[in-house]
Amino acid sequence: MNQEQFDKIEQEITPPTPYVKNVLKAFLVGGLICTIGHAITYFYIIFFDFTEKTVGNPTAATIIFISMLLTGFGLYKKIGQFAGAGSAVPVSGFGNAVISAAIEHRTEGFVLGVGGNMFKLAGSVILFGVSSAFVVSLIKLILVTMGVIEW
Amino acid sequence: MVIIFQSKPSIIASAAVAGPLERKSVFYSYFDSVVEDERWHQTTNEQGNAKMIEEACQILLKKANLNNLDIDFFLAGDLVNQMTPTNFAAKEIAASFIGLFSACATSVSSVIIACLLTELGASKYAIAGASSQHNSTERQFRYPIYYGAQKPATAQWTVTAAGFTLIGKHNPKNPSIVAATVGKVVDYGQTNPFHMGAAMAPAAYDTITKHLEKRKQTIKDYDVIMTGDLGKIGLEILKRMFAETGATQEELNIFRDAGAEFYGEDKSFLAGASGAGCSASVYFSYILQQLKDGRYKRVLLVATGSLLSPLTFQQGETIPCTAHAIEVTME
Amino acid sequence: MKKLVLPIFLSILLVGCNDEKTLEVNNANGEEVKEVAAIIKNEDEINSGRAIFVEDQLLVAVQAKPWLDYKKTKIEKNLKKKLEEILPEYDITVSSDYKLYWEAQKLLKEEDSEKVKEKLEKLKKLKKEET
């Protein structure tokens with residue numbers, strides 16, 4: 001059995017990734033999470049003194065709190081298996097990455113275990129989030145200076 | 001390299017224990033003990049893994065009516081870094097100990113070494129086997145267990161299970177090991193750690209063909225050829241490889257895979273089970289029972305292992321794989 | 001379950017396309033109300049508005065049309081400019097924020113002008129908050 005023969009067999013038998021199905025599932029679940037998020041924004045706007053400008057922080061915190069509970073009860077994992085990017089991309093996915101790592105490393109103590117490993121997965125989100133935010137705001141600054149758009 | 005054992009060492013006793021999720025296994029009724037708690041009532045998953053090994057060995061000794069001082073060698077391995085659970089369990093068993101790592105093929109490689117020691121006359125009783133615990137293995141090789149990453153349909157589920165055997169001198173009442181093949185490391189350039197079946201299939205193919213060739217046998221000489229944890233897709237690939245080289249459908253039906261069958265048709269486990277404990281717990285409970293009951297006369301147990309680490313695949317290396325085989329017969 | 005998905009989806013879509021411009025104003029002198037109403041009617045980008053008059057203060061809370069959310073600040077600015085031209089004697093606050101729109105609804109019913117004024121000050125303060 002040579003390499004080409006094997007590669008052919010492997011490709012024939014391995015089921016193709018169902019991209020369309022995955023995208024649809026991700027869209028539905030991701031959309032559902034964002035709808036819940038929006039419901040929470042309206043809740044804070046209507047019942048508390050938050051404006052559209054300031055409501056983002058409490059909403060994100062609430063979503064992360066819910067995601068923390070779901071992670072701890074092992075439900076987020078199941079949602080993740082179904083939804084893929086749909087549950088990974090919203091802020092709840094970020095919460096899940098932080099919290100699951102924290103739970104995992106609890107046995108090594110609070111400082112070296114939880115503290116040292118909490119951002120094991122989410123660390124790259126922070127790094128690339130901050131650097132892409134920098135690039136995007138730079139582009140916006142240039143466009144505003146040129147008068148193409150306004151702030 | 002094929003080894004033929006002149007003295008035909010026997011499997012005097014065997015024990016298999018499993019975790020709570022393994023209740024769903026089709027082999028559940030063959031397991032000696034199933035614990036309610038994934039961590040075996042310990043504080044950490046790694047301690048739980050060690051406790052699982054101890055419990056399996058205790059059941060094994062009880063079955064053979066021996067105590068731990070009668071054991072000459074303890075040969076075992078698991079999937080956690082530096083095999084610490086096995087090391088800690090070995091401290092309790094207090095026999096001469098060699099830790100072995102052939103990933104998920106450790107279940108068979110340990111038996112081969114135990115047989116060699118028995119053949120040599122150095123060992124009267126040797127315990128051989130392997131274990132894996134889902135949580136500690138996932139942490140070792142993949143993501144935190146509660147992390148919601150989507151696994152593809154080719155991914156497999158690491159079992160929480162341990163299988164151990166007691167290898168002693170030939171005894172016609174027990175299944176005996178007549179020959180073994182220590183596999184080479186085979187690498188067909190697979191890089192996806194969520195598709196280990198495809199990476200391991202060529203290793204199994206290589207070991208099985210070598211074994212048959214050297215022993216001058218055909219597939220039909222066996223009642224069953226059981227691979228370790230290729231999973232549903234890996235087993236299909238292996239069968240196709242044999243089909244391409246002229247095996248008939250009847251012969252292909254002789255091939256089975258512990259990982260593919262472990263959880264039955266349950267879709268939530270994707271391509272099936274994996275882990276050192278998967279092949280160990282199935283071989284050393286179900287298969288040995290079938291041999292003892294006379295349903296099988298001759299089986300070939302081919303445990304497959306993918307020798308990767310999280311480090312190597314992140315560095316873009318391919319996944320080298322191996323497969324070790326033992327030929328077990330019942331007179 | 002699957003049978004329900006399409007009707008629900010369609011009804012959400014249809015409700016979202018309801019296209020009638022509304023303008024609510026609290027009790028105030030007719031002339032100015034008409035002027036404000038005319039301006040808001042002429043703004044294509046606005047879906048609905050609420051105007052609160054109290055003493056020399058005017059709060060106009062509007063909701064931009066869906067898909068035009070990104071232009072909010074521009075809409076606010078334009079509207080404020082137009083209103084200031086016709087009502088130079090008023091201290092005008094224009095906002096497209098939902099919070100102000102929601103609170104404006106409560107103010108519509110409020111009779112006591114002292115309370116309205118107090119509330120208005122608070123809303124203006126809220127509007128300035130950044131985080």
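Using the three backbone atoms N, Cα and C, a Cβ is placed for every residue, glycine included.
Curation does not apply to TrEMBL; its annotations are automatic.
Annotation source TrEMBL lists transmembrane segment at A:26-47, A:59-76, A:82-103, A:124-149.
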Among A:26-47, A:59-76, A:124-149, point out the range having the most Cβ pairs under 8 angstroms from the transmembrane segment (A:82-103).
A:59-76
If we call contact 3 or more Cβ pairs under 8 Å (sequence gap 6 or more), are the transmembrane segment (A:59-76) and the transmembrane segment (A:124-149) touching?
no
Which sequence-distant residues neighbour the transmembrane segment (A:26-47)? Criterion: at least 6 residues beyond either end, Cβ under 8 Å.
55-56, 58-59, 62-63, 79, 82-87, 89-92
